[in-house]
């Protein structure tokens, strides 16, 4: 692999990320690779999962793969730790990697019959109540068929990638990322029968915000927010773009679960 063009995204708030970025620039020049964000063949992302989520959303429309280098805490989405950097560059130079594509979500907010905003998400689209401890009434539709009306703290529509994020904390299922589904997970519903659901990749999930005395909010990947009003409609479906991740090893999804989330660990009582 030669004459490649590489982009760098560095979260300067993470300790050591700037210094590692400077080291990377030197090493990339030694390899004869160009550094150009706009013309990049792939992008190296120095930060945590949040930095990688933002990068994936920004780069997915252009089909540019990303390699996450963990400077955060959990690093569930990042591929390597900083001490693996030289090894990773060797793998990249030898083209010894594969590209893994991940399904993304598209969310559209409609207000009084007009489109207010469109956004894409890698993890999830979340509707939540405001600061006061009042339940938010929500009407849930799948393919325009009414499914349920629930008072809740909110609702999560997650991708398979997002199944191990907020949805997991709210009691949603864990779904391997190669599956193409949408997860609908209520947040603290005031109902004995409201349970998480999984729908197919062609489904459109629609959420109508009921009348609420506080301020409801739509959040995309926990990073981009839209203030909602009563009767707003949020339509979520599979996006037309996909996130692309560089994978340097054959580590499986379940191995990552065991390593990062301690899934399957035996509890000693």
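The backbone N, Cα and C atoms fix where each Cβ goes, glycine too.
Residues or ranges marked as active site, proton acceptor by TrEMBL: 49. With a cut-off of 8 Å between CB atoms and residues at least 6 apart in sequence, the same chain places 68, 72, 74, 75, 76, 77, 78 near residue 49 (active site, proton acceptor), listed in sequence order.
According to TrEMBL, the NAD(+) binding site annotation covers 49, 50, 123, 124, 134, 153, 164, 165, 166, 167, 168, 169, 223. Around residue 134 (NAD(+) binding site), taking its Cβ as the centre, 13 other Cβ atoms fall within 10 Å, counting all chains.
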Residue with minimal Cβ packing [other Cβ atoms within 10 Å] among the binding-site residues 123, 223: 223
Maximum Cα-Cα separation (Å), residues 49, 50, 123, 124, 134, 153, 164, 165, 166, 167, 168, 169, 223 listed as binding NAD(+): 31
Assigned conformation of residue 123 (NAD(+) binding site) - DSSP reduced to three states: coil
Spatial neighbours of residue 168 (NAD(+) binding site) that are distant in sequence (at least 6 apart) but have CB under 8 A: 174
